Amino acid sequence: MKQVNGQKLLDSLGSGVAAIRGRLTPDAPMDRVTWFRAGGLAELMFQPHDTDDLVAFLKLVPEEVPVMVVGVGSNLLVRDGGIPGVVIRLSAKGFGDLELAGENRIKAGAICPDKNIAAMALDHGIGGFYFYYGIPGSIGGALRMNAGANSGETSERVVEVHAVDRKGNRHVLSKAEMGYGYRHSGAAKELIFTHAIFEGYAEDKTKIRTDMDAVRQHRETVQPIREKTGGSTFKNPDGHSAWKLIDEAGCRGMMIGNAQMSPLHCNFMINTGQATGYELEYLGETVRQRVMEHSGVKLEWEIKRVGNFMPGYEIREFLGRATA
């Protein structure tokens, strides 16, 4: 694993860090953060105490230093060479709030698990949130990628999103300003979402519970929920199901090292042991190539891949073609 010099970066931020209340960790292992349990080090990890602390810290970080944010670590593949700059990891204490915000409205912090908002909606007879019960991860990620499942998606429920930009300025975005599309948000990539307001509608609790039970049963039956996985690996292309294309290309159960396309649901990539970020990404790229050769359809990654390759293990060079 490549060693980085996070302490040097931390020292370069100057005396202003003394006023920061959150936790700063140089050379932080990302394999302890992601659901894949793989990947290199973050040069410097910051866990802000709250939004005010996040704002204060961002004002200290020079513009040339890269900054990225992670939530619970689902839907994220970190390369073995690690992540340069600052990784901001939001904590439940400062960003996990969940409360009613008016009639049929819910306020949820960015690190709040998706399934928790579904549970609160059930408790209060608010319809439209059942689908979150089957989505791994947190609200921040759902806002960023317009997460959805079982005929529901985030964009249908969002009213407004609160965020902080790279310079520490606060923003409030409407649903229109989020620019939602399929598994995509057009909001600036530099924005760090802190919380959002969602709106549903009055619905009978028995109906909500029935819908949530159906989501749970489906997920437990067809998804490898007890494995080390980041969720769906590829987006569904227009007119196709990614899993079916993968299956037809003969990639169900395919393995490279300790990385495998799940035999249970072949659009889920799993770490069967001590898979490296390289093995996971190489497997994904091999599947993309085979699907293209078999059906002529280009699969797009749904998993977010970040960080640097280890020298000599660049996926682009190894496959001899563009990766994405």
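The chain as shown is numbered from 1 upward.
Yeah, the Cβs are placed from backbone N, Cα and C, and that goes for glycine too.
The annotation domain 'FAD-binding PCMH-type' is assigned in Swiss-Prot to 36-203 on the grounds of sequence analysis.
Following the DSSP three-state reduction, the secondary structure of Arg183 (active site) is coil. Counting Cβ atoms from all protein chains shown, Arg183 (active site) has 17 others lying within 10 Å of its own Cβ. The active site annotation in Swiss-Prot covers Arg183 (among others) and rests on sequence analysis.
For Ser232 (active site, proton donor), the Cβ neighbour count at a 10 Å cut-off comes to 23, with all displayed protein chains included. Per Swiss-Prot, active site, proton donor is recorded for Ser232.
Secondary structure at Glu302 (active site), taken from DSSP and collapsed to helix, strand or coil, is coil. Within 10 Å of the Cβ of Glu302 (active site) there are 18 other Cβ atoms, across all protein chains. What Swiss-Prot records for Glu302 (among others) is active site, and it gives sequence analysis as the kind of evidence.
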Spacing of the two Cα atoms, Glu302 (active site) and Ser232 (active site, proton donor), in whole angstrom, works out to 7
One should report the C-alpha separation between Ser232 (active site, proton donor) and Arg183 (active site), rounded to whole angstrom, as 11
